[in-house]
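Residues or ranges marked as active site by Swiss-Prot: THR2. According to Swiss-Prot, the Na(+) binding site annotation covers ALA157, CYS160, THR163.
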Amino acid sequence: MTTIVSVRRNNQVVIAGDGQVSLGNTVMKGNAKKVRRLYHNKVLAGFAGGTADAFTLFERFEAKLEMHQGHLLRSAVELAKDWRTDRMLRKLEALLVVADAETSLIITGNGDVVQPEHDLVAIGSGGNYAQAAALALLQNTELSALEIAEKSLTIAADICVFTNQFKTIEELNY
């Protein structure tokens, strides 16, 4: 699987992800980029789950962003509705983390759109490890969002066998 973590602090939001692609117990690729910028570089997005499924969802989400002039929450809700009702989309297995200058969200295949506590999101096989590390760093240090995301992803990769040390990190400063 993978690990994606998003941290927001001091007018900065960051989404970071590792690069491991696994097929069962085999590592197929170690440098996949699972984090990207969307909608004129104003939205960050990361995925965990099936790679082909995630790319389909990225395309659909970007279309929703265009349709709704970049309004993140409305686009996420519309994608989640489609994901729940469309027969093809219902079979996709992936989670998305999306963020803009104001909001961070998790979009699930069940049609849920969740705004997390503490401006912190972590998903994937190492998500719990990354979230615990990031929360501890948020509460006990003055590190930047970028530093917290990077350190928490490193900790997750040290613990989770489905997460590696290759990192893709995108940040928005606002």
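Heads up, the Cβ atoms here are built off N, Cα and C, so glycines get one too.
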For ALA157 (Na(+) binding site), just give me the three-state DSSP call.
helix
Determine which residues of the same chain, besides ALA157, CYS160, THR163, have their CB within 8 A of the center of the CB atoms at the recorded Na(+) site, and list them by sequence.
THR3, ASP18, GLN20, SER125, GLY126, TYR129, ALA130, LEU153, ALA156, ASP158, ILE159, VAL161, PHE162, ASN164
Give me the non-local Cβ neighbours of the residue listed as 'active site': same chain, 6+ apart in sequence, Cβ-Cβ under 8 Å, ordered along the sequence.
GLY17, ASP18, GLN20, VAL21, ALA32, LYS34, PHE47, ALA48, GLY49, GLY124, SER125, GLY126, PHE162, THR163
When a 10 Å sphere is centred on the Cβ of CYS160 (Na(+) binding site), how many other Cβ atoms does it contain?
21
Cβ neighbour count (within 10 Å, all chains shown) around ALA157 (Na(+) binding site):
22
